[in-house]
Amino acid sequence: MSVPDIVYKGHGTGNDFVIYADPDGRYEPTAKEVRRVTDRHFGIGGDGLIRLAHPQDVTDLSPEMVRTMQRNGVKWFMDYRNADGSLAQMCGNGTRVSALFAQMVSLESTAVASQDFILGTRAGVKSIREVADDPILGKSLFQVDMGPWKVGVHDRYAVTLPGTEGLGRGTFADLGNPHIVVVTQNRTSSPALLEQAKLSSLGDVADLDLTKTPMVEPILEDGQNVEFLDVVMIDEASDHGMANMRVNERGVGETLSCGTGLCASAAVLRSLTGINHWTLGVPGGKLRVDVETDRVLLTGAARIVARIELGDGALQI
């Protein structure tokens, strides 16, 4: 069995994971085991599985990537797998849960408010810091430096939903993994957003059926996450905006939250409006995204909800 007997369940604004530490490099799961343990009926359930391991014990990393991690002070690598068993480059909510878990089980003494927790991911090295409670975002908050971002040509992609009339126009964003962001609704007076909303005929974000994988044209070879936005407010004086987001994640389906999707959405909104600071609502809660010239900061809650001992039949397939 490639999963330890004791695992934990955690989530970041409802984006939930099975998580465990593998300090000796003994428990690299197979795709079948990931699918089983994250199954919501036959396993524990989760949007994905996180194994915290040393970089040299993650077999898909190249020697050069391992050396890069070690040069940057990475002791722990977030070996993240989607619920379908596929490898994932990055999971923003997963980084916060990883930091809280490392703190809770004393994996990393530096995962405290005064110092950063340095975490390796397939999208590069991420720096995570615990921050003060917030009346809107809640408690047990962590801020993640998500690194650089890139936004493509506005409205290049046509997005449709099987069984749903209409289409939206999406914009590509790269946060270490691929995203297509669609402004589906707009309640502001922003000229750019008014024009964006005119391009979508999908209807209200809240009513979209995201149980089916959105169709994107032109096709992205490796697939993509697709975010649908309802922009609620913009205050130019305070350089702040608010929007609601729903997401269909590659390899998972609809999730209650997606950290990289939130960052991609804020980056696209910044490129359209010039607004740098966003409070974004997802079905799992609220998070803050601050878009800077060369990086994006994601702030939100993390929770560890259970310590679980796997039974004999947990991974029987």
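Glycine too: its Cβ is placed from the backbone N, Cα and C atoms.
Straight from TrEMBL, the features:
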type	residues	note
ACT_SITE	C91	active site, proton donor
ACT_SITE	C91	active site
ACT_SITE	C258	active site, proton acceptor
BINDING	N15, N82, G92, N93, N177, N225, E249, R250, G259, T260	substrate binding site
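Sequence features annotated in TrEMBL and their locations in the structure.
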residue	record	CB count, 10 Å
N15	substrate binding site	31
C91	active site, proton donor	29
G92	substrate binding site	29
N177	substrate binding site	24
E249	substrate binding site	28
C258	active site, proton acceptor	31
G259	substrate binding site	27
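Looking at the residues that bind substrate per the record, N15, N82, G92, N93, N177, N225, E249, R250, G259, T260, the two CA atoms farthest apart are separated by 17 Å. Excluding the listed site residues N15, N82, G92, N93, N177, N225, E249, R250, G259, T260, the same chain places A88, M90, C91, G94, V247, V252, T255, C258, G261 with Cβ atoms within 8 Å of the centre of the substrate site Cβ atoms. Here the C-alpha separation of N15 (substrate binding site) and C91 (active site, proton donor) works out to 10 Å. For the pair G259 (substrate binding site) and C91 (active site, proton donor), the Cα-Cα distance reads 6 Å.
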